[in-house]
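Read the structure below first, then the notes.
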Amino acid sequence: MESALTLWQSTGIANLTWRELLMLLVGCGLIYLAIAKRFEPLLLLPIGFGAILCNIPLAGIGGPDGMLGMIYAVGIETGIFPLLIFLGVGALTDFSALIARPSTLVLGAAAQFGIFATLLGALALNLVPGFDFSLSDAAAIAIIGGADGPTAIFLASRLAPDLLGAIAVAAYSYMALVPIIQPPIMRALTTKAERGIVMEQLRPVSRLERILFPLMLLLLCAMLLPAAAPLIGMLTLGNLLRESGVVDRLSRSAQNEIINVVTILLGLAIGSKLSGELFLTTQTLGILILGAFAFAIGTGAGVLMGKIMSRLTGRKVNPLIGAAGVSAVPMAARVVNKVGLEENHHNFLLMHAMGPNVAGVIGSAVAAGVLIALVTP
Amino acid sequence: MVDTPVGDLLLDGLWLMGIGLGVVFSFLLILVAILVLMSRAVARWGPAEPLAQSLTATAPVPGADPVPGAGHARVIAAITAAIHAYRRRHAA
């Protein structure tokens, strides 16, 4: 009898709390979104599974001595995983569109307005009872507006590790929702004529330019904003591996094996932060709301800057490409292409939108550098 | 909740917003200038070969001959020779 009772007390059913049960359902929900709806499946699937694993009663997988807890300590607390992802992003990204038309960098800068507007929004939320965001919390939440998963995780692990789970889930969920969030804002802010503007073809970019670009970017970062050097450094290294053309094997590893392995581990480690006590709070709800706000503002600011550029250049720029200034590569550029095609079936904006799109990656990394330099946890 | 600390925080936030956007914009504007200068310098002093290559070759072969002109010439010569050999054999 005694041993039967002991056995019962070691089962999951006897120890399951409502929080754990709810988080198991959240994990299943994320896996459902990944498989059935194809929402960022590469990340939401491991995150959802990580959430399930870390909420198994008694197992303590997400605790400091558990498997996921150790992966978290090694990869995310140190900031290594998001940086390795950036290496892969650099190796996967073709910056030619940006080199051919450098002025699109301004669009990438404008879209970062979403980050700083959300910072104010998070601080203003302190007026509502139940919320207590410090300046560093607010900065970590605001970076969701950069629409860049690895940057958000890197910054959150530096400034607000407690909020990391919610921030990462919000960032990746909204990146998956880009095709739903962005088009209404883009249509509301532009006229039919503006959406129909056809842009002239980009000039070809020489190999030497593509090799010099990452070096120039790194040099500028080293001189002006060393706080962003880890992010920009890995991005430019990955890109140099790609463009140099002499280390094909390394470039392929960065594009495939390294980024894939790290994505699995990163997803699991983030999932391990989705434990009931940390996630089921009013703060999480606030973060989810602020994240949507951040995305919308960033998109709007990008489009408005696109309109300004369109006026200044005498209607040579389609303002829609401003919306791609939020990073979310290459999803945002594809959305721009789709909205452009709705107006004019022969107007392919994809390559033109890639410029602001990759500028957004650089812009959000710079914004993260500023926040790291100025905000101390 | 007392109002003053939130007000102070919001002021901090506004300050951060000003500095942050200023830094982001100036960083990217300087990058624009550097890229424009770099492209001009490459166009003027850079080798002419890579541009021609990117125009003609749709898919550059990784690890191809470092001197594409010479490589192409040799490949073309080989193909021509093969065609000649084929025609001669089949004409006979």
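Cβ coordinates are placed from backbone N, Cα and C, and glycine is handled just like the others.
Quick look at what TrEMBL annotates:
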TRANSMEM  A:16-35  transmembrane segment
TRANSMEM  A:42-63  transmembrane segment
TRANSMEM  A:69-92  transmembrane segment
TRANSMEM  A:104-126  transmembrane segment
TRANSMEM  A:138-156  transmembrane segment
TRANSMEM  A:163-181  transmembrane segment
TRANSMEM  A:211-237  transmembrane segment
TRANSMEM  A:258-279  transmembrane segment
TRANSMEM  A:285-305  transmembrane segment
TRANSMEM  A:356-375  transmembrane segment
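Of the Cβ pairs linking the transmembrane segment (A:258-279) with the transmembrane segment (A:356-375) and spaced 6 or more residues apart, fewer than 3 are under 8 Å, so the two regions do not touch. Highest Cβ pair count under 8 Å relative to the transmembrane segment (A:69-92), across stretches A:16-35, A:163-181, A:211-237, A:285-305, A:356-375: A:211-237. Note: the stretches the transmembrane segment (A:104-126) and the transmembrane segment (A:211-237) are not in contact (fewer than 3 CB pairs below 8 A, sequence gap of 6 or more).
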